[in-house]
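Listed features, source TrEMBL:
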| type | residues | note |
| --- | --- | --- |
| DOMAIN | 26-99 | domain 'Glycine transporter' |
| TRANSMEM | 50-71 | transmembrane segment |
| TRANSMEM | 83-101 | transmembrane segment |
| TRANSMEM | 108-124 | transmembrane segment |
| DOMAIN | 112-182 | domain 'Glycine transporter' |
| TRANSMEM | 130-151 | transmembrane segment |
| TRANSMEM | 163-186 | transmembrane segment |
| TRANSMEM | 192-211 | transmembrane segment |
| REGION | 233-272 | region 'Disordered' |
| COMPBIAS | 262-272 | compositional bias 'Polar residues' |
Amino acid sequence: MLEILLWQPNPPEELLKNGLPELFRFLDLTGVFLNGILGGRLARQKGFDPVGFAVLAIMSALGGGIIRDVMLNNAPPVALTDRYYLTMAILGACLAWLWKFDGKWSRRALIICDGLVLGVWAATGTQKALALGFAFIPSVLMGVITAIGGGMVRDVTAGNVPAVFGGSTLYAIPAVIASVLDAILFSSGYPLLGMLIAAVVGSGITVMASWRRWMLPNMNDWSISMTPKQWRNFQKKRQQAKQKTRQNQAKSNPKNPPTEPNPQTSAPDSAF
């Protein structure tokens, strides 16, 4: 059955009701639980009371899916009609209230599980939009919103700048990549394979980014901070430094002095 679900284009409806889809529902609810924990961790850092724990957990766990369903005009949102979603979010908040999750291994486990869920949520958001007849790019956008929307709402509610806006490791980029891959495979007739690959790729990139500290460049990395006059002085000092280096080389090796590069045959030097 697994082979049929993965490789048969548009598998029969009776097969979709069993097997692999149940696994992804389990991952979806697990993601709600984990994001409830993440919301509770932030509430603990802010010193909130139990109401604050519950609110941040619900926003973190259910915010992205609710935003997606509202934008797709798919009312009422699934998170409000399926009792398991709200229950898992509250359970995550309760666990974060009882346990700090500050240990090395607990943080690593949360990162790995959160990355896996990010891919699953990106895939479910993308497929839901495609199934409703939306185009490729809007569907990818819905996948990204599903994956990161709850975290953004949580951070704003707690008075923080959303982590996806910068200053943290890659998070939105893995969601984009997972959504694009899922949209391609869904359009090719392999929805379940697309969801599986999106989950693996999304989690893999997220975990690697956290481990290797991959981050997008910020504004200061690319901004031009020199005036034209400062740029000319910089170039002048650079040329003087090159000339001084050649003179020192000539003094240290008088028999084979360095030759000047031929401007007609040599490539221009980089500005940096």
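Note that Cβ sites are derived from N, Cα and C of the backbone, with glycine treated the same way.
Note that the structure is predicted; figures quoted are calculated from it, not measured.
In the domain 'Glycine transporter' (112-182), the DSSP tally of helix, strand and coil residues is 56 helix, 0 strand, 15 coil. Remote same-chain residues near the transmembrane segment (163-186) are listed as 115, 118-119, 121-123, 125-127, 130, 136, 139-140, 143-144, 147-148, 151-152, 155, 193-195, 197-199, 201-203, 205-206, 209-210, 213-216, 218 (criterion: CB distance under 8 Å, separation of at least six residues from the stretch ends). For the domain 'Glycine transporter' (26-99), the DSSP-based tally of helix, strand and coil residues reads 63 helix, 0 strand, 11 coil.
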